[in-house]
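> This is the structure I have questions about; it appears just below.
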């Protein structure tokens, strides 16, 4: 164990120095993709129109929906309930505009959502073993799930996470800013945490999600946007023919309960090797043991419910992920400051709940691409730290760039 820990430490040291070699073509294309985002992050925001409406109510308070639209017809809707993203409408290769994410038609359905469909997840997304850890030697116990696959562990912020809160929202240039004060002791977390999520759209069909947080006590923070993508548009097809590429040579290895073992697993020669774009169906029909740990509805093969560790991570915005759907021609490029991406292929979706336009969310209806830090990192000192201390600011951004190819 000591030897493997040293290897993981070495991995992260080398990774931060950027000396891991990757195929030149991928790196070159990534640099070209990142440059516009870095230099023109706010380009075209002045042409974005933001509208708002009262969408529903929760305990006497208004649930509002905001729609961001650019001059080329792309539209993104978000709501102050749970800081959810509720729809992303983009064109296919023929110019037909369709929604490319799973979700619901009404505010009330989001209030009762059980699947985090587009939710902001926090204070800590993913899993913490047993919900317990230590901060500077002092034990901390978070709430744990009482049933389901995560029973006995802390998952996605607890029983009543950020996705079950009404956020304060206001319009800003090119988007919407949402704020939430998470009080000391909420779900067991120490410290009063001031959390902000900023949603922005620009003329380049780039939708940016930026998180920031501060706390008056040391506390773990791992904020994510839990969007299920289906680039076929309006959920016409499942995601099995989508092609996915991730610039990662390592995976966070998991054990039963999908908790990290503390080790990284090389993806070369496994169905998890996505360094070259691969069709999801091709990868998900393997009988690899790591896939079976996330078997869900497919008891034979399983699926992805794993975190890829990016080869190039320095805390700056980098192009890391690409999703492509051949029939529609839609392409999603993801640039992020985060160290990894958790890919979940809807393994446990069983037809309930019913989503937009009365369509059931069934097995492989969508793929969640959750840029984030690593699960259980508070108990894994070899992983990048997720502890936010007083006087520090948690800050992470992800850009979802949409396009198409013939």
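Every residue gets a Cβ built from N, Cα and C, even glycine.
No curator has checked TrEMBL annotations; they are predicted automatically.
Note that this is a predicted model, so its numbers are computed, not measured.
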> Among 305, 314, 327, which residue does TrEMBL name as a further beta-D-galactose binder in the site formed by 126, 127, 226, 227, 228?
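According to TrEMBL, the candidate sharing the beta-D-galactose site with 126, 127, 226, 227, 228 is 305.
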> Which whole-number value in Å describes the distance between the Cα atoms of residue 126 (beta-D-galactose binding site) and residue 370 (active site, proton acceptor)?
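Just about 10 Å between their Cα atoms.
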> For residue 305 (beta-D-galactose binding site) and residue 226 (active site, proton donor), what Cα-Cα distance in Å is obtained after rounding to a whole number?
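Here the two Cα atoms are 13 Å apart.
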> Let me check the 10 A CB neighbour count of residue 305 (beta-D-galactose binding site). How many other CB atoms are there?
23
> Please find which two of 126, 127, 226, 227, 228, 305 have the most distant C-alpha atoms, given that the record lists them as binding beta-D-galactose, and give only that distance in angstrom, rounded to a whole number.
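For the residues that bind beta-D-galactose, the greatest Cα distance is 19 Å.
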